[in-house]
Amino acid sequence: MADKIKDAKIIFVVGGPGSGKGTQCEKVVAKYGYTHLSSGDLLRAEVASGSERGKQLQAIMQKGELVPLDTVLDMIKDAMIAKADVSKGYLIDGYPREVKQGEEFEKKIGKPCLLLYVDAKGETMVKRLMKRGETSGRSDDNEETIKKRLDLYYQATEPVITFYESRGIVRKVDSELPVDEVFNQVSKAIDAL
Ligand SMILES: Nc1ncnc2c1ncn2[C@H]1C[C@H](O)[C@@H](COP(=O)(O)OP(=O)(O)O)O1
Ligand SMILES: [Mg+2]
């Protein structure tokens, strides 16, 4: 089972909150048939299940903090194994959030062949998240939590991009552009794999 995953293409999708990761991943799924795994969505599903673990996660996420590394990684791994037979590749969206998460992923699962860096300005991300908050029902899409999530992104997640740049697998897309133009850039990066 783990071997199957090793052979599949693994793409890390990294960018700030509200940069457009989920939006682009949906389009990649439609065009390339990749499996989209959003760490945030997996965690929110656990919260929605009402489990004891979900309750602890909810408290952490509401504060805009990172949940324990092993919890996220186990969830991603389980979800990857569940799709191993049908998946051409995996979009790992919103992970790694910090360099250590990337290192652990590689130890336990495999190496990414591409890091898609979905880049947007801080003010753009805030605007998009405030708008998304009107309908998303996400308890972390509020002004106070958004600010914390952005701070954490710059402090913990941007170093992830630097880390993988040294390996030459980072492709940056300009997510200030309209969705379809961003997707053109995303497609070019995937076509080159
Ligand atoms: N290139 C783009 N131009 C305008 N709006 C965009 C955009 N990409 C995404 N959006 C919108 C859709 C969402 O309401 C919001 C956040 O997008 P998202 O895909 O949910 O971000 P993320 O998954 O990175 O948090 O911004
Ligand atoms: Mg998302």
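Residue numbering: from 1, along the chain as shown.
Here the Cβ of each residue, glycine as well, is placed from N, Cα and C on the backbone.
TrEMBL entries are annotated by machine, without manual review.
Among the candidates Arg97, Arg132, the residue that TrEMBL names alongside Gly18, Ser19, Gly20, Lys21, Gly22, Thr23, Leu177 for the ATP site is Arg132. The local packing around Tyr95 (AMP binding site), expressed as other Cβ atoms within 10 Å of its Cβ over all shown chains, amounts to 24. Between Ser39 (AMP binding site) and Gly22 (ATP binding site), the C-alpha separation comes to 11 Å. Less than 6 Å separates the Cβ from ligand 1 in the case of Ser19, drawn from the binding-site residues Ser19, Ser39, Glu65 in sequence order. Checked against ligand 2, the binding-site residues Lys21, Gly22, Val67 give Lys21, Gly22 as the ones with a Cβ under 6 Å from it, listed in sequence order.
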